[in-house]
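Peer 1: Structure below; questions to follow.
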Amino acid sequence: MPELLHRTSLENQKQNLLGEVSYLKLKLADMEGKQGHGAERQHKAEGLVKELRILKDKVEHLEDQKLQYERQLTATKVKWVLIIIIIIVVSRGFNIPSLPTFRYIISMYFQKVLIYFYTHPYRLRRTQSAGLQAVDPDLSQFRRGGLRSTAGPRLTRTPESYDSSRDMNVPFSQWTKEQVCGWLEDYGLGQYVNLTRQWVENGQTLLSATPQDFEKEMGMKNPLHRKKLQLALKAFPTKVIEKSSQLDYIWVTRWLDDIGLPQYKDHFHEARVDGRMIQYLTVNDLLTLKVTSQLHHLSIKCAIHVLHANKFNPNCLRRRPGEEKQPSPSEVVQWSNHRVMEWLRAVDLAEFAPNLRGSGVHGGLIILEPRFSSETLALLLNIPPQKTLLRRHLATAFSTLVGHQATQEKREYGNATGHVPLTTTAKVKPKKLGFTQFSHLRKRKPDECADYICPIDSGAVTLNGVSRLPSTALRGCSPASDRQAAKRELVGIVAQANSPKL
């Protein structure tokens, strides 16, 4: 048993290290994709010039090797031509002098040919198209024009094109074209810079544009890219810096690791989902990101609520065990997926802990979701139903973990009429408007119609020291509550229609 615990602990450490390596690789790729400014850009440019000089020397060395190879090849060709001539002459029986004399004629001619090719080699003329000789190594500042314009996209932005006035003190509408393009590149949307430079006159062009304009003029086909740009442009006039806006899309990939959903990192990274977008994600947005599992929707919903409760603190999730002997629900709600696996090892269920990888189980889901019970956890851990003692042990440990009040709430929710148990195979379908909702569309604003996965102003309540979402905020992932809410809404509308008019 100690060997098994030690092995599982090593496996967990290995997975943690792999997650760290994956995160660092993404961070490194993002940092390489961004361009530095000021002294950093100058240093990189000087380093690039040095690398180009080294490459130039290597090219010259390769050309010299090529010339030597061509000389050897030419000599070989001459040698074989002479051999063929000798063979032809001998085979046709021509009258030739004695063999030693003939050999001496041939050898002298062969030597003259070799001497000619070695003393008069054919050398390629190197043009000045690359402009490397024009670069002064003593110059302390890299200037545009020293390299040809086809050097690459990393040299398209220079220190002269970056203006330090690109901050919150200058209205976005007054930003120049280069400032807007530089901001797009820093914001993770650099693939649209070329078309943007042809279309945008200043910042006001983007502020007054519609999503259709983004798709037509900038070639922005990805709807999540358009949403990311809209949210950023909407925040500029307010001049209020949200805490979530400080979390970039590289951090989001690390966050997916923490909540146990690393399989979606590529989709989120491609869509450039950052901290600001997280709080405005809808059900259809998650479906666009290939998140179709109902359980994973609930996992993301509860994880977003934990971020809201902690004011988008990037380090609010706990990945390692602390010194607490019996953690409270307010502490468990901040547990990451790795911390939950450590808890399983602490309650003698270490052999089942690796099954939680990619499950989306974290402390927020365990505490906040009323349908998540010990039976759901047993299904995710792949504990067979016939192992009743193991399941009973898990149920006891689970009740101790979530607390008496949460256990009672989950039991009452499970015994309610029309309750649908939470399964691991249920899928989420795209939201569609019912006939009862069309009458209210004209009265609503576009923002109010958005079905956010976790509404910002959801009126959260505090229960047992844990900030919880009310039942209305849990719509979209609970079929039973959705049906009951729709039925109550329909009954109210019918009653209002049948009431006598005054």
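Cβ coordinates are placed from backbone N, Cα and C, and glycine is handled just like the others.
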Peer 1: According to TrEMBL, coiled coil applies to one of these ranges: 45-79, 290-324, 325-359, 465-499. Which one is it?
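Peer 2: Of the candidate stretches, TrEMBL labels 45-79 as coiled coil.
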Peer 1: Over the domain 'SAM' (252-310), work out the mean pLDDT and round it to an integer.
Peer 2: 94
Peer 1: Counting by DSSP, what is the helix, strand and coil composition of the domain 'SAM' (175-239)?
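Peer 2: Counting residues by DSSP class gives 48 helix, 0 strand, 17 coil.
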Peer 1: Could you count the residues of the domain 'SAM' (252-310) that DSSP puts in helix, in strand and in coil?
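Peer 2: Counts, helix then strand then coil: 42 helix, 2 strand, 15 coil.
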